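Q: This is the structure I have questions about; it appears just below.
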Amino acid sequence: MAPGWAGVGAAVRARLALALALASVLSGPPAVACPTKCTCSAASVDCHGLGLRAVPRGIPRNAERLDLDRNNITRITKMDFAGLKNLRVLHLEDNQVSVIERGAFQDLKQLERLRLNKNKLQVLPELLFQSTPKLTRLDLSENQIQGIPRKAFRGITDVKNLQLDNNHISCIEDGAFRALRDLEILTLNNNNISRILVTSFNHMPKIRTLRLHSNHLYCDCHLAWLSDWLRQRRTVGQFTLCMAPVHLRGFNVADVQKKEYVCPAPHSEPPSCNANSISCPSPCTCSNNIVDCRGKGLMEIPANLPEGIVEIRLEQNSIKAIPAGAFTQYKKLKRIDISKNQISDIAPDAFQGLKSLTSLVLYGNKITEIVKGLFDGLVSLQLLLLNANKINCLRVNTFQDLQNLNLLSLYDNKLQTISKGLFAPLQSIQTLHLAQNPFVCDCHLKWLADYLQDNPIETSGARCSSPRRLANKRISQIKSKKFRCSGSEDYRSRFSSECFMDLVCPEKCRCEGTIVDCSNQKLVRIPSHLPEYVTDLRLNDNEVSVLEATGIFKKLPNLRKINLSNNKIKEVREGAFDGAASVQELMLTGNQLETVHGRVFRGLSGLKTLMLRSNLIGCVSNDTFAGLSSVRLLSLYDNRITTITPGAFTTLVSLSTINLLSNPFNCNCHLAWLGKWLRKRRIVSGNPRCQKPFFLKEIPIQDVAIQDFTCDGNEESSCQLSPRCPEQCTCMETVVRCSNKGLRALPRGMPKDVTELYLEGNHLTAVPRELSALRHLTLIDLSNNSISMLTNYTFSNMSHLSTLILSYNRLRCIPVHAFNGLRSLRVLTLHGNDISSVPEGSFNDLTSLSHLALGTNPLHCDCSLRWLSEWVKAGYKEPGIARCSSPEPMADRLLLTTPTHRFQCKGPVDINIVAKCNACLSSPCKNNGTCTQDPVELYRCACPYSYKGKDCTVPINTCIQNPCQHGGTCHLSDSHKDGFSCSCPLGFEGQRCEINPDDCEDNDCENNATCVDGINNYVCICPPNYTGELCDEVIDHCVPELNLCQHEAKCIPLDKGFSCECVPGYSGKLCETDNDDCVAHKCRHGAQCVDTINGYTCTCPQGFSGPFCEHPPPMVLLQTSPCDQYECQNGAQCIVVQQEPTCRCPPGFAGPRCEKLITVNFVGKDSYVELASAKVRPQANISLQVATDKDNGILLYKGDNDPLALELYQGHVRLVYDSLSSPPTTVYSVETVNDGQFHSVELVTLNQTLNLVVDKGTPKSLGKLQKQPAVGINSPLYLGGIPTSTGLSALRQGTDRPLGGFHGCIHEVRINNELQDFKALPPQSLGVSPGCKSCTVCKHGLCRSVEKDSVVCECRPGWTGPLCDQEARDPCLGHRCHHGKCVATGTSYMCKCAEGYGGDLCDNKNDSANACSAFKCHHGQCHISDQGEPYCLCQPGFSGEHCQQENPCLGQVVREVIRRQKGYASCATASKVPIMECRGGCGPQCCQPTRSKRRKYVFQCTDGSSFVEEVERHLECGCLACS
């Protein structure tokens, strides 16, 4: 559904619900209330996708369907569904539910369908569904359930569909399914089940679907029954495979012979399990009824703990709240430690029922208040530590049940006072800590000093913080008479026993007694924190313009008088005075109010005086003062009232005085009633007078005769409603449509109560500011405009907005506060803009958002956009359409599915991206122009003198800018279009002297020398062996002055240069390298090798002798060090460890002497390793470990009659087996391996099956093959790539076959568990190096090996140089194409001529250019051939020289791949499908298919799955009536 229609649908549903509610009022009892934010229709309650954290209250008792899916509910309590006796369908899927209290469903007697999938349930409580006998469908899939207790499903005997797949189930207790006799569908796939008891499925006679695949079944003698059971029911339990023992791994359970199901012991008992024993939370440890979760990084209290625990330790975590009933079910708890967390919220019943609890430790948290009743019932508690929190008050009955408490610590909190009697219940208290609290030692704390003097139990030294006279003095040592109250202190702390400490006087205000005076302080809003004791609030003479509905008066029960005179109030929001029932006097004199109505004064039920003097009120209507029945004095003096409608004062039943003076009354027929009313009531102050018509001017209204109140030519009334729909728009109820009207601003006359506004397809360049006044809007469509920028708080007043459509505009930047205030927004569409980045925090206020459209935006996915990736993944609010555009490694990746760690910042961000939020950063203003941001034009330039234009690039005097290049002279000229002409120096030409003619076109360079163009000349670059200005002289490199051979080497002249014949001991092209003969020396006993020319000598340690120091001195041990006789290979270093020699291997080598090379790194483009062939037995496997960050490549390849390939494809491992006698078979791994870490890959061949196992996960099988795949003697194995000469000739190629080699590391290759040694690399294995490190020398290109230890770089387009670090020069710069376009061809260019021109430089005009003017093409277009002749290119369905003949209706067969989208996976047919297209003429009829048939095709998907679908194919075409 499109976002725009979603809003319409919501409006229709809302109106339908309203109509149903009205019908209910007229025809029966009053409608039942609906929970806040939910939608109720008939017996259905829809609360899905609202971000709810708990089940809402107030669900109608008659509800039959309840949708609570896609919220954030974490716990289901006993009271959540109490009383819902008619409920039949309950949806709770896709929440965060981890705990369901026993008895949560006890009232749901009629429940038939319950969905709890996609939650976080770990344990299923027994007897949970005992009270839901009519349940027929139960979905518990995609949770974290670990075990199924015996009584889990007791009571639901009618259930037909039970889904338990995709959990962590490893234990199913005996009898768990015994009562489910009507069960038809049971899903247990994708769990951890290893054993199933023989009685599990015996009581399911109606079972027709059973899924057991993707488990860990152990096929021993105890599972033999399942094989028989499945063989008798071939349609159920398909693909159920054995995972152990090893010799049965991958076999179908039903296909294994009974004799193979054996146990080690002949009479072993079937293993049993206990579902409750596995309920210890995964990060914790459980032993001796103690649960230890210390320092595990927990964010919440673990659920489903072992029921018999006596102690739980949760300190040093990140827990923020203790939910309701968190520990209630653990009745044996004695000790709870939750110290050093982040707890700020504790439910009142968190510790309810813990009568055995003796120790409760809560120190080091962020607790600000102890809720009422938190410690009630903890009669055994002896230790309570509340220190190091932020507790600011304690109710007098907080500790009422703690008679046995010995130690109480309130040290280091925010307590200012303590209520008298707080410690009275603590009969056993021995130690009390109160220090480090900011105590206010006034009259209310006098009792504490007396208490501590009588009971010296406070040992921490509690002191006063204020007042100053008592600051820093010990409370227990201060005399009672010094504790006294003064000023407003008594009001502030009077109710401290109820945890109420009144607020201090607001900033900028003055408080005296109960008067709060905030007048004349330039305030723009009412202070948000006012003391509760205030009775007189003075806010006059400020700058308040709008009275917001903040609920401030609900907190002021003592308020009697409000003075808001002399402000700038233009609007009073509905509900602004809610809770102000005690207010008796309201002054609004001297403001700018134009209209008022009864809803404005809602809440002022006790108001007696209302002053509205000196405002701009023009009309008093029937509802202006509705609800003000207590008002006695009303002043409307000095307004602009011209009309008062009859009955305007009827609701003012207590009115005794009204002032209507100084108003311009229009005494026409609309005011005739007022004169009679004034004469009758006699409560008016003064005599209000007429101002219109002229003949009644200044006459008192009550004196005007009734016949003089006429409307002849004077029907004006200020109370008449203005038109409710703008001219350019159409309106229906509260929906206004102004689409495609060419609007550049919001039209005037927009109804204030509009709920849906459609402004798409106009020319708006910014979001109209006037929209902020339309507070009832629920949908705004601003798509297909020209809006280029949003501002902060653009939509902050639109609290009801649920749909905002900004697609297909020119948005480049999203300010961080642009969407602030949109807490009701559910759909936000930003599709099709130019947004590259979204600042973190932009969506903080979008708490109700369920759909975000960000597609077709050039997102720059670096580390600054990582938060958005995490946010999108957490809530699945973006449907997987938004793609990254940059940086290059992230291009075309999906925002939803790309791993978060790939969002990285590397190097500076392109200035064009940064400048989207500040266009001035790209320095668009030239010639020292000053740049300023502009919300419409993006930027504006203030140009210096002599320049003009948008970017200050146009000179007022064209020659000031020196447009002539290369020293040309500028001349002002009116005859040229640019206003100037250039006189060029010798060697340059062109309008601006920008062209350097190519002097090499006619050069005299000889011997294939390269000509380099200069300025009016050229230079010849000679090849080797030639010199001279024209390279016409041969060089003799062996003459003494040119001989480059070093170290007495012999120079030998060659045809193309020379070579050096080195003397022994030297090497290199010029014999420049002195060979180090010590590289392979044989010096022993630690002797030092000294290199000499063509040899070396050994410098022996003292006492040793011989050429190689091989003779030890007499009378000494031959071995002075264990390493002396221990030779490490491959350059390894020998070290002594515990008196034993040990080799420290270089990267990639292993073995006792580092003799084996087990890790190699593939860095070249065509790198590979060839392994010697070995016959693989019928039971064999190949395993290896890989590490890479690339998406594609060849891991392993076997080429013979049965080609086999193990490939890296889009980050997954793909196994392809291509027997030439059958279609190729492919299987994909679920796991991705391109994260740079090592992953294990195993290929198992067993009994004509081929299985792929990645990271020891679930095997992926190719199924039963026609014959056993094997690696023959003559079929080599290639790792990391294949020889370029071999290609993939033996393996049939598909469109997605990765032809490139593998880039990364391969480690520990084993064939039949035999570790392979890479040490003797074949000579063709180029670009393969020991160890694991990547080739990084090529800056902008790929490595390609040329020698064993050498690589060359293949550069990406636009880069050149040996290391691809030089930006390539565009060969088209300075091109000489006259009438054509320059096209680069490598380092040169060619000219693509315009029509009518030819030649190498497009400088020859063809005479046939206008030949098409006389050559008519009836159904096609005329073109000129290469020979200059005209010809017709016909439209489809026509032929002939002039396209005059209509082709008959025929079918043309094309072959192409058919594609389908399946979720987030893209699927395509395995081969191209022949498709017939009908083309040709049929006169008045149409060329259409006349016969077709359907055929099944196999579709393969990118996620590794496949499916079969029927596709319709056309067979014949003919002429039929057009449909």
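Note that Cβ sites are derived from N, Cα and C of the backbone, with glycine treated the same way.
What you see is a predicted model, and the numbers here were worked out from it, not measured in a lab.
These came from Swiss-Prot, pasted as-is:
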- C443-C485: disulfide bond (DISULFID)
- C509-C518: disulfide bond (DISULFID)
- C984-C993: disulfide bond (DISULFID)
- C1005-C1020: disulfide bond (DISULFID)
- C1022-C1031: disulfide bond (DISULFID)
- C1045-C1060: disulfide bond (DISULFID)
- C1083-C1098: disulfide bond (DISULFID)
- C1100-C1109: disulfide bond (DISULFID)
- C1145-C1154: disulfide bond (DISULFID)
- C1305-C1332: disulfide bond (DISULFID)
- C1417-C1432: disulfide bond (DISULFID)
- C1449-C1487: disulfide bond (DISULFID)
- 918-953: domain 'EGF-like 1' (DOMAIN)
- 996-1032: domain 'EGF-like 3' (DOMAIN)
- 1074-1110: domain 'EGF-like 5' (DOMAIN)
- 86-107: repeat 'LRR 2' (REPEAT)
- 182-203: repeat 'LRR 6' (REPEAT)
- 824-845: repeat 'LRR 20' (REPEAT)
Q: Taking only the Cα atoms, work out how far C1022 (disulfide bond) lies from C509 (disulfide bond), in Å, as a whole number.
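A: Just about 91 Å between their Cα atoms.
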Q: Can you check which residues sit near C1060 (disulfide bond), meaning Cβ under 8 Å from its Cβ, same chain, 6 or more apart in sequence, and list them in order?
A: L1044, C1045, Q1046, A1049, K1050, C1051, I1052, K1069, L1070, C1071
Q: Once the chains shown are all counted, how many other Cβ atoms turn up within 10 Å of the Cβ of C1449 (disulfide bond)?
A: 21
Q: Including all protein chains shown, what's the count of other C-beta atoms within 10 A of the C-beta of C1100 (disulfide bond)?
A: 21
Q: Please report the DSSP secondary structure of C509 (disulfide bond), reduced to three states.
A: coil
Q: Give me the CA-CA distance between C1100 (disulfide bond) and C509 (disulfide bond), in Å, as a whole number.
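A: If we compare the Cα positions of C1100 (disulfide bond) and C509 (disulfide bond), the gap is 95 Å.
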Q: How big is the gap, in Å, between the Cα of C1449 (disulfide bond) and that of C1154 (disulfide bond), rounded to a whole number?
A: 76
Q: Taking the Cα atoms as reference points, how far is C1031 (disulfide bond) from C1005 (disulfide bond) in Å?
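A: One finds 6 Å between the Cα atoms of these residues.
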Q: When DSSP states are folded down to helix, strand and coil, where does C1305 (disulfide bond) land?
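A: DSSP assigns C1305 (disulfide bond) to strand.
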Q: Quick one: Cα separation, C485 (disulfide bond) versus C509 (disulfide bond), in Å?
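A: Here the two Cα atoms are 21 Å apart.
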Q: Work through the disulfide-bonded residues one by one (C443, C993, C1332) and name whichever has its CA nearest to the CA of C1487 (disulfide bond).
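A: Ranked by Cα distance from C1487 (disulfide bond), first place goes to C993.
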Q: Of the disulfide-bonded residues C443, C518, C1020, which one sits closest to C1432 (disulfide bond) when you measure Cα to Cα?
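A: That would be C1020, nearest by Cα distance.
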Q: Mean pLDDT, the domain 'EGF-like 3' (996-1032)?
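A: Averaging the confidence scores along the domain 'EGF-like 3' (996-1032) gives 85.
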Q: I'm trying to understand the geometry here, so how far is the Cα atom of C443 (disulfide bond) from the Cα atom of C509 (disulfide bond), in Å to the nearest whole number?
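A: About 25 Å separate the Cα atoms of these two residues.
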Q: In DSSP terms, helix, strand or coil for C1060 (disulfide bond)?
A: strand
Q: Which residue, out of the disulfide-bonded residues C509, C1332, shows the minimum number of other Cβ atoms inside 10 Å of its Cβ in this structure?
A: C1332
Q: Show which residues of the chain containing C1145 (disulfide bond), separated from it by at least 6 in sequence, have their CB under 8 Å from its CB.
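A: Listed in sequence order, they are C1128, N1130, A1132, G1151, C1154.
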Q: Looking at the disulfide-bonded residues C984, C1020, C1083, C1098, which ones sit with their CA no more than 10 Å from the CA of C1109 (disulfide bond)?
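A: Close disulfide-bonded residues: C1083, C1098.
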Q: Which whole-number value in Å describes the distance between the Cα atoms of C1083 (disulfide bond) and C1005 (disulfide bond)?
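A: The Cα atom of C1083 (disulfide bond) is 59 Å away from the Cα atom of C1005 (disulfide bond).
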Q: Let me check the 10 A CB neighbour count of C984 (disulfide bond). How many other CB atoms are there?
A: 19
Q: Let's see if you can do this one: DSSP helix, strand and coil counts over the domain 'EGF-like 1' (918-953), in that order.
A: 4 helix, 12 strand, 20 coil
Q: Nearest to C993 (disulfide bond) by Cα, among C1020, C1098, C1332 (disulfide-bonded residues)?
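A: Going through C1020, C1098, C1332 one by one, the closest to C993 (disulfide bond) is C1020.
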Q: Calculate the distance in Å between the alpha carbons (Cα) of C1005 (disulfide bond) and C509 (disulfide bond), and round it to a whole number.
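A: So the Cα of C509 (disulfide bond) lies 94 Å away from that of C1005 (disulfide bond).
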